[in-house]
């Protein structure tokens with residue numbers, strides 16, 4: 001129950017209707033803004049009384065505050081008798097210690113801020129509650145008839161009573177058949193009858209505003225002296241004919257009493273602008289008004305304005321969209337080439353170049369000639385710091401370098417002088433990490449180290465010293481001379497030469513092993529060979545194997 005102040009005098013209607021009246025018609029009623037209460041003086045048991053209230057769209061009365069108690073006091077009007085309230089006992093026995101003693105409202109809850117029980121002990125069985133003229137709540141058997149019952153009706157809103165007009169009586173009838181002329185508020189669907197004007201009005205919801213107001217089915221104003229003729233604006237009577245007038249910017253609604261905007265019901269597809277007592281249709285940006293003056297058609301912005309987009313323009317409903325060609329992406333409203341480096345397999349660094357990408361390496365590394373996407377250690381000097389793992393202490397050197405440690409235990413990579421190892425058949429040029437063989441005039445390089453004679457048939461200078469075809473068997477240009485016996489002195493020279501070469505190789509091996517255990521400043525060559533360079537980067541121990 002809403003705790004609203006109850007205006008005094010409260011509305012009373014139809015009290016003392018007489019013996020011939022319908023026994024189920026309310027003998028009196030009163031209404032607040034959202035609630036109405038009706039009193040029925042008819043002997044009924046609890047179940048029949050509850051059904052009678054429900055047939056009228058309500059339920060037996062719930063008394064949750066003193067406001068409802070005041071309403072009962074005015075409805076009873078000092079008439080003695082017991083009236084059913086909407087309380088029944090859903091448990092076997094009463095519970096006197098509780099506010100509602102274990103009873104429950106017919107609405108299915110036990111909420112209340114008020115109770116006014118007649119003193120009694122614990123009782124069992126089917127029990128219901130009545131209220132007396134003294135407003136005390138009494139427990140009684142539900143199947144026993146009471147002298148009457150109270151119904152409650154709930155509504156979302158109400159219409160105020162019509163303003164009083166001299167000499168014009170009004171009779172109101174509620175949806176639950178309560179009648180009278182002293183109501184201060186009327187629920188929806190109530191009817192006001194004015195016999196002096198041959199007029200009947202109904203409390204209905206306005207279609208546009210959703211507000212409850214008095215209205216009738218026939219259009220036009222009624223006499224202005226009653227509720228301004230029902231006009232929303234001004235009411236005027238010329239030659240006895242009432243007429244409603246609306247302020248500037250509004251026109252009469254179809255019912256002839258309300259005032260609405262000229263745009264109400266206008267056929268405009270998008271926007272309606274009031275123009276005096278008429279209207280003008282308008283369209284949003286990106287549309288233009290069609291020939292019918294009400295619908296809107298899309299404007300092809302891409303065709304109307306050239307150069308809207310950098311690359312591609314796509315018309316959309318009410319606008320346009322800029323897009324980029326394949327290989328480009330939109331960034332801050334501009335088309336930028338999509339970087340191929342996002343998907344490039346570069347091991348270290350990548351840069352975009354026209355029609356592709358280019359892999360590069362960090363300082364100290366160079367592109368692996370066998371795989372242009374990978375990087376390997378590189379040193380452009382004869383000595384560089386080694387690449388060491390701080391956790392495992394393992395060090396690596398570029399191809400063509402050997403690992404060595406200085407006196408301060410710092411690891412360095414020292415270039416191998418391959419030219420001192422006579423890899424090349426003719427001439428040799430050493431460079432950091434490698435070497436290069438060169439052939440004399442008339443020869444071409446074969447298998448990186450060897451030189452073969454260029455035949456006269458192919459011509460001199462047909463190949464450079466560094467590049468040549470696959471090795472071919474040389475074809476003699478003249479008949480070889482006949483074999484002659486060697487002079488004994490030549491045999492001795494050859495033997496001495498072979499022995500010298502063997503001693504030299506032995507000394508070189510001893511010197512290499514000894515050098516591997518000295519500082520790099522006195523090292524002439526390292527524990528490596530030309531074929532090790534072709535194997536890529538390999539971890540190298542800091543001491544040579546003996």
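Cβ from N, Cα, C; glycine included.
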Listed range which TrEMBL flags as transmembrane segment, given the options 466-489, 490-513: 490-513
Secondary structure composition of the domain 'EGF-like' (298-336) [DSSP: H/G/I, E/B, coil]: 4 helix, 18 strand, 17 coil
The domain 'EGF-like' (415-452): DSSP-derived helix, strand, coil residue counts: 4 helix, 18 strand, 16 coil
